[in-house]
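Taken straight from Swiss-Prot:
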- Cys71, Cys73, Cys90, Cys93: Zn(2+) binding site (BINDING)
- Asp623, Asp625, Asp627: Mg(2+) binding site (BINDING)
Amino acid sequence: MSTRKSPFFKKAEISLASPKAIEIWTERYFPNGQPINEVTSSETVNYKTLKPEPHGLFCQTIFGPVVDFTCACGKKATKLVKNKKFRGYCPKCGVERTSSRVRRYRLGLIKLKQPVAHSLYVSHRPSPLRLCLGWSTKRLQAVLKAVEFCYLPLIFTTFQSERECFSFFPKSFLLLRSQLTQKNEVFLEPRSSGFNENLSSSFFFKEKKRSKRKTGKVFPLRTSPRLFHKKHQKNRPRLVFNHGVIEARLYGIAYDATWPKVEEFQEFLFYLWEQSFFYESSIPYYAFAKGVKSYKEEIPKREQSYALQTGGLALQQILSHHDSSRFEYDLIYLSKKVSMILEILKENMASLNLDYEDDQKEYKKLLSKVKKLDLLLLKWKRQRELYRDFEVGKTQPAWMILNNLPVLPPGLRPITSIGGLVVASDINSFYRKIIIRNKRMSPRNNLGIFDTTLGGSWLSWCYNLRQVQEAVDELLRTGSVDAGRPLKSLLDGLKGKKGRFRQHLLGKRVDYSGRSVIVVGPKLKLHQCGLPKEMAVELFQPFIIQQLRLQGIVFTVTAAKVLIADRKPIVWSVLGEILKRHPVLLNRAPTLHRLGIQAFLPRLVEGKAILLHPLVCPAFNADFDGDQMAVHVPLSAKTRAEALSLLWSRNQLLAPSSGQPQHLPTQDMVLGFYYLTCSLEKTLKRVDSLVSSRKLFFQSSFFLKKKNEETLKNSIPQNLYFSEFSQVKTAYDIGNLTLHTPIWVKWTSCVQTFVPERHSRLKETLLETRLTFSGQRQTLFIDTCQFFSPSFFFGKKVRFIRTTPGRIFMHWCFFEANAEMSSTPTSKEKKSLEKK
């Protein structure tokens, strides 16, 4: 018995697809070799019978049968076909007898009569198309929408300088007469101009040796250059001067120059074709032309009779001659040059004296130049990264232009009838629009450049091209509105919470996991989370059963499950011991970075919500307005150790992207700290007024009355004097104090006083020293009071500080959190507070 192994994928890559690769995805053939992948009809199904129309968007011949092993004629695969050539295919309708599941992954193909640009590479910022061409966004959109056109030659050429052409060094080579007909392929320079082969000059050189003779003058040709090549055109004789050296009169037309109207280009050519004379100065930019290497192996060949091009075809012709590695090298060289210039400019700026008006003007000029060069360096950096991506991914820039449009399988864009109404996917409407508009594209008439009817036919043809480009944009990215209802594009169906990825492919259910709403848990520690009891029992049920059996409480799994179902108290105690050493993983979708999933030690809480510390919310990008989080339980000891070492929340203090602190107090925390520590007292301007605002101890009835030591211990101080923090907490819980009430508290350690700014130079400002009738010495400072026994120098020193209950509570939270503060007052304390 053989077992079938599932395919194993090491990695998956997303990159540009070549036109040839798109054809390979969709190519299928009849046994006689006829292709069956092209969708030529815009029809979908018959709305009466709901049967797919032939050659349409739901064609059974292209995408497979609707019913398993049944062709469009209704014949099943049990009836054998006598003709072995059509074994597996119906000889009448041509439908393959196979499973209907193939309709979920078989692709179709729409062959576009004119290439169109992929809208995602145009709309994205920065646009890869714009970076490759070096055009502005406005200009790129104008060419794509067929509002402007370019002059593109039938054969791209690049030019050498006169220095390279007329070099006399022995290593230099010159083009021989016999080599003129041979293909000499080089790469297109980043800023080289494109010329027609009949416009380009032809030079015939003989091999030269070192000699003292100089070249004479170069005379122009007496023939006019021609823009369009015709087969019946005869080659006119050419004049040869100066020992076989010849040079044609030539004005270059850049390949990236655009014209909005045909009439403007005709006017330009009218002056370009004007006869030139030998005494006019020649343009030193050109010498002789060479062929340019093209990356068109995987691009379908198209007949090009016009040098005027617009839309995707113009961009494809330009991009097909781009050499990514050469461009990247040139940009690196230019960036180094500009960096050196920037250093010189910055040195000049530093040497200027800004006290003088002339230097200020010069500084502004240099600053504007520096900003422009910085922007230029940024642009070149993006271009280098783009060309490097093309080179690493083994792709070509010309593949951003679509020659063939793949059609999604019918299973992903269904059409059905519900209650007598036909319901179809929005994608079908876009495909129908593309097919209809693509049929309108007709080949251009072979008109002369100065033909009077060229302008009108050109505008009509450009309008049809623009319609096809807009239809493809609606399918891929923008969508449209039909009868007041928005139609979703392919991008809309993929992105967002309701898209294909997040709604259907992601969010799978996993064992030992749960999901619930998160609420704030301010009493939790940073590494803790609150886990509902009911959820914890279900998640940790195997661990509870194991502990119950190990401790001898039960002996079978069934008995343990009964004990857990009854929610016995022993279950909660066992679960609490397990949770002390067993972390859980909390995850909030979407997990965009590694901090989106962290480990916590759970604590059992009542309710059905997960408690989360507020400081860990920024890492999850979570808030408490209904967000949900998933809980995952690491099962093995190895995974638990890995979770505590790598994912524990107390170790994720710094953001991995920037290194900045991740757990920062939020605005409500800062506001809470301020509210907790502020006082009701207003800022006093004079120090003398501070004495009257503080009651001294001899004014208090608490110190004037003689009481025994037990009464002093068990009674609450009157007139806002306290000897312990617990007494402050008790008075606050009863309601005798507020957070901002000024009080005096006994304190033996150091204290930070709130001294006004004008007294900050002094350590403490002494307000008054008093001596009572009983011999007790009292010293009053701004925020502290000191009392000494009658023995003066050898007596015990007692210090009281002036503070508020809010500051005491904050001190307890920071420094004495482990000490248990009494939450309920005793009966004697309640009586003494009620008397006040």
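Quick reminder: no glycine exception, Cβ is built from N, Cα and C everywhere.
Note that the coordinates shown come from a computational prediction; the quantities given were computed from them, not determined experimentally.
Distance from the CA of Cys71 (Zn(2+) binding site) to the CA of Asp623 (Mg(2+) binding site) is 56 Å.
The Zn(2+) site, placed at the center of the C-beta atoms of Cys71, Cys73, Cys90, Cys93, has further neighbours from the same chain whose C-beta lies within 8 angstroms: Ala72, Gly74, Lys75, Pro91, Lys92, Gly94, Val95. Look at Cys71 (Zn(2+) binding site): DSSP puts it in coil. Taking only the Cα positions, the spacing between Cys73 (Zn(2+) binding site) and Asp625 (Mg(2+) binding site) is 58 angstrom.
Compared over the binding-site residues Asp623, Asp625, Asp627, the count of CB atoms lying within 10 A of a residue's CB peaks at Asp627.
Around the Cβ of Cys90 (Zn(2+) binding site), a 10 Å sphere holds 22 further Cβ atoms from the protein chains shown. For Cys93 (Zn(2+) binding site), the count of additional Cβ atoms within 10 Å of its Cβ stands at 15 [all protein chains shown]. Between the C-alpha atoms of Cys90 (Zn(2+) binding site) and Asp627 (Mg(2+) binding site), the distance comes to 56 Å.
Taking the C-alpha positions, the distance from Asp625 (Mg(2+) binding site) to Cys71 (Zn(2+) binding site) comes to 55 Å. Around the Cβ of Cys71 (Zn(2+) binding site), a 10 Å sphere holds 23 further Cβ atoms from the protein chains shown.
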